[in-house]
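Record features (TrEMBL):
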ACT_SITE  SER290  active site, nucleophile
ACT_SITE  ASP423  active site, proton acceptor
REPEAT    146-178  repeat 'ANK'
REPEAT    179-211  repeat 'ANK'
MOTIF     256-261  motif 'GXGXXG'
MOTIF     288-292  motif 'GXSXG'
Amino acid sequence: FSCQKGDLASLQELVNECHARLDLTDKNGDTVFHYAVRGTNPKVIEVRGLRKSLHFACQLGREDVVISLLKVNAKCTNLGPLGYPIHTAMKNSQKKCAVALLDKEISQIQLVDSRHGATPLHWAKNAEMTRLLIEYGCDVNFLSATGDSALHIAVRRGRFDCVMVLLTHGAMTNCKGKDGNTPLHLAMQQDHLETIKALIVFGADMNIPNDVGETPGLLAARTSKEYQDYLHVSTLSSMVKKPDVTEQDRLLSLDGGGVRGVVLIQFLIAIEKAAGRPVRELFDWVAGTSTGGILAIAAVHAKPMDHMRCLYFRMKDEVFRGSRPYESEPLEDFLKKEFGENTKMTDVKNPKLLLTATLCDRQPAQLHLFRNYNIPEDKSKIHSKAASLFQPMTKPEDQLVWQAARSSGAAPTYFRPFERFLDGGLLANNPTLDAMTEINDYNKYLIQNGQGHKVKKLGVVVSLGTGKAPQVPVSSVDVFRPSNPWELAKTVYGAKELGKLVVDCCTDPDGPCIDRARAWCNMIEAHYIRFNPPLEIDIMLDEVSDAILVNLLWDTQLYIYKHWGQFERLAEWLLNP
């Protein structure tokens, strides 16, 4: 009764003076510990003898009680039926209790329970709790006493949101667990389509046998209707070429497209597998717009593409938070963290790097190229009379990489302009032609200045898209002066559709610009190849759904399989003069 009412004085007298027993239970099996935790006065817990209530407090989510117990040095290492208090907090998804425990003693992050030998991460039931433990430093690939990683458990329990958090934080997709099963074995046994797709697009191998010789492919053949697609996608992982040497310039062009940049990543991974070399060793020029610009920097700076894929999945939830236009700070923090706050464009000189942006401090707006090399003097004097009206451009050796990336990705209505720059996609969402023009001008300058021996013929042009949206019918783009309410509605609708049409035409990375690039390459006898998967639905630049993006990557992998012969031919072009 004293515990329930929070009568601290009476409770202290009963425990300290009268030596009341604390192990007796009521008709429901509850002890005084349960009453103490349920009570209204957290100070009750501080009475000597009641400090063993930490497990129960975590179970009920009583953060105030947990904090009170920790203040009087309640032990975080007292074993309960589930393990330690941190395991109880995870079992019941009590985030605040878990935070209180970890803030008190961070070493709990790797405590293993007595039953399974599992860390708290194995016990996480949702994405929020999984992300919390990873932020505190829990090892995502730790194996329990049963041989399972947290990814094995998440797959077995059908926790797709946990699976995605683990995958995007570096969980090993081909790690063997109990009975030699990989996470993909477990997903195949359950025929959980979303999880299977996620594991495969993050690198899971269909051909790893378990202890009884079963591969995920064999399990799929028995149970899944999607077997042929699984087989097609997974076979790409073993197709690797031997490197060779080339003597001609090779251009890589990366479209803009927001979070659909994961498509570009998947293409770049496929090119690296086909050629057996990282992207930066396969190309002499790399151009990118917006998200393509970020990935162009990543490729030139030797960032692993599988790392970038994980990063994109994590970044989207931080960057696309709230309503448009989004806060710029999360995007800028991401760019600084990934590329360095003080890294300059010229810190990495090869391959040559081009990022597009739109100068919006003048009318008409002007395309600007951020470079990791100095432009020829004669080019810099172009428009010199007009240039005197504007602030001079930052030199490549002074230009911060993160600022160039931010400028290229300042998509209108999604983010505010960065200084005087808007998204490069307004003028060059597909930067192929602009990059080819730059190469032509650069070579022309070399010849004029007696450096013709440095000029290389442009031999290969590779253009990668972020997905081609399906065509849909438009009923009207007619805008006129209305004479009645019905015509007013038609005019408003027509104006809306016309505005969308104009924006789409300006930012369209396909259509005529593809034909022009192909024709130019034909005239100079250069190989041209364009990869851009058709989309079943139009995916927004700020899409945050893991399921939608995993399906996008899945469709991309199927596209890669169907065009694998072209990837092999591309590898030959890149590796052999």
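Just so you know, glycine gets a Cβ as well, placed from its N, Cα and C.
No curator has checked TrEMBL annotations; they are predicted automatically.
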Who are the chain neighbours of the repeat 'ANK' (146-178) in space, where the CB to CB distance is under 8 Å and they lie at least 6 residues beyond its ends? 116-119, 121-122, 124-127, 130-131, 134, 140, 184, 186-187, 190, 192, 194-195, 198-199, 202-205, 208, 210, 309-311, 313-314, 546-547, 550
Write out how many residues of the motif 'GXGXXG' (256-261) are helix, how many strand and how many coil, based on DSSP. 4 helix, 0 strand, 2 coil
One should report the C-alpha separation between the residue listed as 'active site, proton acceptor' and SER290 (active site, nucleophile), rounded to whole angstrom, as 6
Under DSSP, the repeat 'ANK' (146-178) has how many residues in helix, strand and coil? 16 helix, 0 strand, 17 coil
Could you give me the DSSP helix, strand and coil counts for the motif 'GXSXG' (288-292)? 2 helix, 2 strand, 1 coil
How many of the residues that make up the repeat 'ANK' (179-211) does DSSP mark as helix, as strand and as coil? 19 helix, 0 strand, 14 coil
Here the mean pLDDT of the motif 'GXGXXG' (256-261) is 93
What are the non-local neighbours of SER290 (active site, nucleophile), defined as same-chain residues 6+ apart in sequence with CB under 8 A from its CB? GLY256, GLY257, GLY258, SER408, GLY409, ALA411, ASP423, GLY424, GLY425, ASN429
Protein Cβ atoms within 10 Å of the residue listed as 'active site, proton acceptor', excluding its own: 30
